[in-house]
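Here the structure is laid out as structure tokens; the discussion comes afterwards.
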Amino acid sequence: MPEASVLFICLGNICRSTMAEALLRHHLSRHSSNPSIITKVDSCGTGAYHTNASPDPRTLSTLRRHGITNYSHAARKLVKPDFEDFDVLFCMDTDNYEDALSMGRRWGVGGNALKKVVRVGEVEGKGRDVQDPYYGGDDGFEKVYEQLSGVMGDLVDFVEGRVGGKE
């Protein structure tokens, strides 16, 4: 059985992408009786605004409210090897998507690797961006949680279809 790796991308890697990473890890652990081919999950940002910082406290408190208590992460920026090291790179919004593609092109990443970059909204089927909650209140983080938790099964199916040949 093939193994798959997933990278979540947002702007600063302290809100949305970290929440998505924690949610996917949690989702995979809850469904361990039906193991997924996804064996590696990480997150990063297109900017280096918060390098080595922990997730936003509001991200962590939102996760804790929903029973995810064992998550930690040090923020990092997207780097060229990510395009080789991960099978699917999920971007939270259109700007992150365009930035990731632009960075890849600037680094000389080839077309097949660029095809790994996908917007979460494409998989969700509604085309919605995952809005950045950074400048808002706790309710924005809850909305991000609800949107991401609602699409985790679809993301797993997408990855398994793309990497495992089920598409």
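Using N, Cα and C of the backbone, Cβ positions are placed for all residues, glycine too.
Residues annotated as active site, nucleophile in TrEMBL: CYS10. Annotated active site per TrEMBL: ARG16, in sequence order. Here TrEMBL flags ASP132 as active site, proton donor. Marked as domain 'Phosphotyrosine protein phosphatase I' by TrEMBL: 4-158.
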(request) Around the Cβ of ARG16 (active site), how many other Cβ atoms lie within 10 Å? Please give the count over every shown protein chain. (result) 33
(message) Looking at the domain 'Phosphotyrosine protein phosphatase I' (4-158) alone, can you tell me the average pLDDT?
(response) 96
(request) Please classify the secondary structure at the residue listed as 'active site, nucleophile' using three-state DSSP. (result) strand
(request) Give the three-state DSSP assignment (helix, strand or coil) for ARG16 (active site). (result) helix
(request) Quick one: give me the count of other CB atoms within 10 A of the CB of the residue listed as 'active site, nucleophile'. (result) 29
(message) Using a 10 Å radius around its CB, how many other CB atoms surround ASP132 (active site, proton donor)?
(response) 18
